[in-house]
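This report refers to the structure that appears directly beneath it.
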Amino acid sequence: MATYCYPEHYTLPFCLCPLRRAMAPLNPLKHLDPFDCVTNVGRSESDPGQGGAAFSLMTGSLVCSMHGCVLVLVPGTTHQLGILDRSPEKANYLKHVTNLNKFLAMGRPAWKEARSTLQRLLSSTEPSLRDNDVLRRKSFYEMSKVEMVVPMVIGDYTDFFASMHHAKNCGLMFRGPQNAINPNWFRLPIAYHGRASSIVISGTDIIRPRGQGHPQGDSEPYFGPSKKLDFELEMAAVVGPGNELGKPIDVNNAADHIFGLVLMNDWSARDIQAWEYVPLGPFLGKSFGTTVSPWIVTLDALEPFSCQAPKQDPPPLPYLTEKESVNYDISLEVQLKPSGKDESSVITKSNFQNLYWTITQQLAHHTVNGCNLRPGDLLGTGTISGPEPDSYGCLLELTWNGQKPLSMNGTTQTFLQDGDQVTFSGVCKGDGYNVGFGTCIGKILPSLP
C-alpha cells in the first residue's frame, strides 16, 4: 500500500515492492513514532475495525510502509524479529533477495504467513519492535530517503482488452456503430504480447516516441515524433506460482496464481499505432514505455472489496465459466498537470468494476493452449473505461480522437504535450478505512533528435 502519497489512507493490506536504496535510518527520537498510530494491527480481514496503520511489505531488503516511514527487513533484523528466516531455506532466500520472484513462487500459504507475521509485529501489543529502540533505529527509514524500483523481474508482459466500454468507444471511432465491437470480443479475453523490457517504475520520465504516422490521402506516411501521445488507465495482475508448459490453469484455481495488483499506465502513440496495427496489432505505438506503481496489493488484502463481476452474455465457454465471478471495487483517478502549470486537474474517474473479463478469466485463457506463465509475469487489464464520458480511461476517448478538446483551468488540450505529467491513483474505500495503491506517475520529455 502506497500511503506515502495519501496520508489519510491507513489500513492493513499486504503489499510488496523492492527497495534500491535507503539513505539513512529513521531516528525515532526526532520523528513521529510509527507505533503511535498502530492499533489493532492483527485484526482479521473480515473485521478490519477502525483506524489502523499503513501496512505494506517490500523487498530488496523487505520493507513495510507506514505513515511516511518504511520498515526495512534485512537478514539481521529479521532474525531478531523471527520473520521469514526461521528456517535455513528462508534465511538463505533473504540473504540473496533483490526482487520478489522467489517469494511470488512460494504461493499463497507463504504470502499469508508473511502477512500475518508482519501484522503481529506491528501490533501495539507486540514488544519485538515496540520496546527495542536499537532494532527500531535499524529497521525504520524515512520514505523520502527510499528509492523504489520495479518490484519483480518481469519475464513476460501481456496486455488485455477487457473493458467493454473502452472496446465499444474505440470501435465507434474507427469502425462505426454497425461493427463497434467484433463478435469474438464477447467470447474470449482479447490480448497482445507486450514488451517487458520497457516497463518502468512510477516517477520515470517517458521520452516521446518517434515512428511512422498514418498518411493523409495519397501522401506518403510521415516519420517523426508522435503527435497523438496518450495514457491508458490500467491495472495489472502480478503472477505468483506459474504453470508447466502444456498444462493449463483451471479458471477456478486461477486466483491462487495471482499475487496481487498494481496500477499501470500503458503509454500509447495513437498515430503510430493506427498506421501499424493492421494486421498483427500494436508494436512501436506501445513498446516505448509502460509505467507501473511500486506497491503490489495482494488479493487477500482486496478480499473485503470483492464484488460480483458483470453478467456475461453470451455465457462464456466452459473453460472460462467460473463458480464465482469476482471483480473488485477499486476507485481509480487520473490527474493531468500540463507543462508549465503548478496544479493538476482531475480529468477522469473510473473503477476496476468496469472490466467485463475478470483477471482470473484472463489468466486461465492465457494458459488454455498450454502457454506457461512464470512468477513475476505481468497481465495488464487494458484501458479501464466506464460508461460515462467522465469515466473514460484515455485521451483517445476523452477527446474522441482529438475532436473534443479537454478544458482544464482555462486551457484546452487533446493529446499529451512535452512536459505534461500524468498521475494515476487507486483506492478501495472501506467503512472507516482505505486500502491505497499509491500513485503511478510519468512525465513526458521531448523526443530525442
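Heads up, the Cβ atoms here are built off N, Cα and C, so glycines get one too.
Values in this document were obtained by computation on a predicted structure and should not be read as measured data.
Checking the candidates THR360, THR367, THR383, THR399 against TrEMBL: the one annotated together with PHE161, ARG175, GLN273, TYR277 at the substrate site is THR383. Together with LYS286, THR290, TrEMBL lists one candidate of ASP256, ASP266, ASP313 for binding Mg(2+), that being ASP266.
Ca(2+) is bound by GLU232, GLU234, ASP266 in TrEMBL, and the record lists one more residue there from ASP159, ASP300, ASP329, which is ASP159. Same-chain residues that are not part of ASP266, LYS286, THR290 yet have a Cβ within 8 Å of the Cβ center of the Mg(2+) site turn out to be ASP159, GLY194, ARG195, SER198, GLU232, MET264, ASN265, TRP267, SER268, SER287, GLY289, GLY380. GLN273 (substrate binding site) and LYS286 (Mg(2+) binding site) have their C-alpha atoms 7 Å apart, to the nearest angstrom. GLU234 (Ca(2+) binding site) sits 5 Å from THR383 (substrate binding site), taking the C-alpha atoms as the reference points. With the fewest other Cβ atoms inside 10 Å of its Cβ, the least crowded of the binding-site residues GLN273, THR290, THR383 in this structure is GLN273.
Sequence-distant neighbours of HIS166 (active site, proton acceptor): residues of the same chain at least 6 apart with a C-beta under 8 Å from its C-beta are GLY382, THR383, ILE384, SER385, TYR392, GLY393, CYS394, GLU397. Close to the recorded Ca(2+) site, the chain also has LEU233, ALA236, MET264, ASN265, SER268, THR290, GLY380, THR381, GLY382, THR383: residues not among ASP159, GLU232, GLU234, ASP266 whose Cβ is within 8 Å of the site's Cβ mean position. Residues near ARG175 (substrate binding site) in space but far in sequence (CB under 8 A, at least 6 apart, same chain): none are found.
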